[in-house]
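Here is the structure we will look at, set down as structure tokens.
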Amino acid sequence: MAFSQVQCLDDNHVNWRSSESKPEFFYSEEQRLALEALVARGRDAFYEVLKRENIRDFLSELELSRIVEAIEVYDPGSEDPRVSGRRPEPQDNGGADASEETSAAGGPPATETLPSLEYWPQKSDRSIPQLDLGWPDTIAYRGVTRASVYMQPPIDGQPHIKEVVRKMVSQAQKVIAVVMDMFTDVDIFKDLLDAGFKRKVAVYIIVDESNVKYFLHMCERARMHLGHLKNLRVRSSGGTEFFTRSATKFKGVLAQKFMFVDGDRAVCGSYSFTWSAARTDRNVISVLSGQVVEMFDRQFQELYLMSQSVSLKDIPMEKEPEPEPIVLPSVVPLVPTGTMAKKLVNPKYALVKAKSVDEIAKSSSDKQEVTRPPGLRGPAVAERPGDLSELLPPVHPGLLNLERANMFEYLPTWVEPDPEPGSDILGYINIIDPNIWNPQPNQMNRIKIRDTAHASAQHQLWKQSQGARPCPAPCPPPAPRDSQGVVPAENGFPQGNPEPQAPVPKPRTVPVASVLARDGSDIGWALDTPEKETPQNGIDPRLPSTASESEVPQQQHSSMTQDDPDGLERGLPNGLDEDEDDDDDYVTLSDQDSLSGSSGPGPGHRRPSVASSMSDEYFEVRERSVPLQRRHSEQMANGPGHPPRRQLSAPHVTRGTFGGPLSSPLWAQGRSREDVDASRIQGQRPMDRQAQGQHFHRHGSTTSRTPGPPRFRPAADGTQSSSKKASPAAAGPHHWQPKGSPTPRMLPDPGSPRPTRNTRLRAELRATEEHASPFGIPYSKLSQSKHLKARAGGSQWAPSDSKRRARDHKEP
């Protein structure tokens, strides 16, 4: 029904009277009676009603002629899509002749069920059209409303209205909805077809049903193909209908003209998509955006719901061509801004990188060359977005001469309290396993931070010394000793192998039977085979008797003193007891490339280790509570040794030398610095080993300013160790000699706080030993000195006189 008729059914219009002079005047019962007379009896009856009701002549001659031509008999069956689209004229009788013509025109046969004539049908006779190609989501707020007005012909240098419309079509990405009374412009229609076929944009078109035939003629001129129909929907609609009491009706035309794009823009006005409207007619359009676009959204959905489909099957179309390959241009990375470039090269990112940028680029390029087919090796044009080569961003000009910040100063490190002069250890970084809820100190690893400046200088001096030495001997001859038995310092690697080679780790297990079978107290260093014997003085001629401190952290060779009484009286250059041995047989778990010097089978050059090994600090627990103390022997007689420099970005996780802030070690309580220096230089007096048997610890007297029980001295990383003359027969099953080790080693007491290095014995003692601290002492046993003594005295590995020795060392 017409809108005026719908308003009459509203409760607000009951007894509502309005005159023609008021703005709200819309519906008039007198005008309705005049239209009823026009439709039923013609124009003369129309003018008679106007005179009788004394109302204005509200229809023009053009409108009278259009209404008379548009009158049709209201027949519910004619609206069925299965019936021919021929519209019956008012002059037709609508009887049997009309039904026969309908059947002849291809209508439904008599046996087929006709549309229902029920007033409230259970099911609709027609399906509701759906926006099957997609529609933008409903947005609560679309933004601020903005409007731009364009005229035809353009004024003030504005683009013409056709250009504005075509640009909006080319910029569409989601949906284009067009409502037009007359659509015959081929250029705009081709733009819509390309948007739907090439860019997959949904295109909906609604045209006036009286102008559908002109639209179909345009489709024939556009040379469409079948691919254009995939994302195109065309429907037709008309104006509102006016129903009369004589079972007739007439309908208006679709005069709305707007285009709705992507749910956020719309263009409307008097412009129709025709050539004449863009060239000769004067029109105006408005381009709108913002919240006002919501009205166009709702209006199009309502029109689409009441519209009828337009079939394009009768239009001759070509086959769908193959889609053209989309060649994307190679995107050159833009130079980042100065602020962003500084963020990208921030040194703090080096702490979380697993590899350096050069290694990542090299590995990725090698992988691409391997996976690429042989025919495509070398530079090739990328045809797909995934084939684009990843180029490293260029260095920003602002970063060329920019000094990098040292972010290690901001790390949560624990610097050693009062470090010794010349120590290269700056601090430690905790590494805690996130899977452990409450980590203990023995479950933490640490990264030792060292100063590599001195190591670089030592490396340069070694290069200069290597270039100046003409002798290619594998090892230098034994250096002469001075009067005190101290070997002069000598920096550098052995001359035989100037290029460091990657060491090959080998098992350290040695058959015990072969060790027990050997007899003799004069057996010294066994490097290659058990059959080879060393000289009587206990020095291997292939190795130097002593080594300088610079050689120790790089070569990891163990020094040896002559097995004579005088040698025991000499001061140990590195502050080691004879019982203590260095850490050269430990391998850092996180860095497989760092191996110690004794991991190989021979005395040749090994690759220097850049990782810190397990600490050799140990203590003797007495009855009175003695706090844990850290012993330092990094300061050696010949100067501090430094490991070679390594990249900060390389993965390197090692285990530190003390338990961290949880264990709270105190620094040098009960022993002054002068006492430590004196104990490193002063030698140990020999003891009668044959009378008391072989023991695991050397109990000697040291000259100390502080009275108290004797203490064990630690062995630091990369230091030398002296030999001890012992008989394998006297040691019994506790004596073993690893392959490649320069001296026979003694199995430590299970009760000793020092961690054992024999993997086989470690497996046997795992059931009885608790989790040890980084010093090797269980935290639960630190205060139980009696129990610890009992274990040390009554252990199955302890000799028979161990208890007597423990009693000898009690405080008086």
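We count from 1, first residue shown onward.
Including glycine, each Cβ sits where the backbone N, Cα and C put it.
These come from Swiss-Prot:
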- A2: N-acetylalanine (MOD_RES)
- 2-312: region 'DUF1669' (REGION)
- S4: phosphoserine (MOD_RES)
- 76-119: region 'Disordered' (REGION)
- 79-90: compositional bias 'Basic and acidic residues' (COMPBIAS)
- S124: phosphoserine (MOD_RES)
- S127: phosphoserine (MOD_RES)
- S356: phosphoserine (MOD_RES)
- 362-389: region 'Disordered' (REGION)
- 455-509: region 'Disordered' (REGION)
- 455-467: compositional bias 'Polar residues' (COMPBIAS)
- 471-480: compositional bias 'Pro residues' (COMPBIAS)
- 521-812: region 'Disordered' (REGION)
- 545-562: compositional bias 'Polar residues' (COMPBIAS)
- 576-586: compositional bias 'Acidic residues' (COMPBIAS)
- 589-598: compositional bias 'Low complexity' (COMPBIAS)
- S609: phosphoserine (MOD_RES)
- S613: phosphoserine (MOD_RES)
- S615: phosphoserine (MOD_RES)
- S649: phosphoserine (MOD_RES)
- 721-731: compositional bias 'Low complexity' (COMPBIAS)
- 761-772: compositional bias 'Basic and acidic residues' (COMPBIAS)
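S127 (phosphoserine) has a Cβ environment of 7 other Cβ atoms inside 10 Å. Predicted-model confidence for the region 'DUF1669' (2-312) is 85, expressed as mean pLDDT. Around S124 (phosphoserine), no same-chain residue at least 6 positions away in sequence has a Cβ under 8 Å from its Cβ. S124 (phosphoserine) falls outside any helix or strand according to DSSP and counts as coil.
Helix, strand and coil counts under DSSP for the compositional bias 'Polar residues' (455-467) come to 13 helix, 0 strand, 0 coil.
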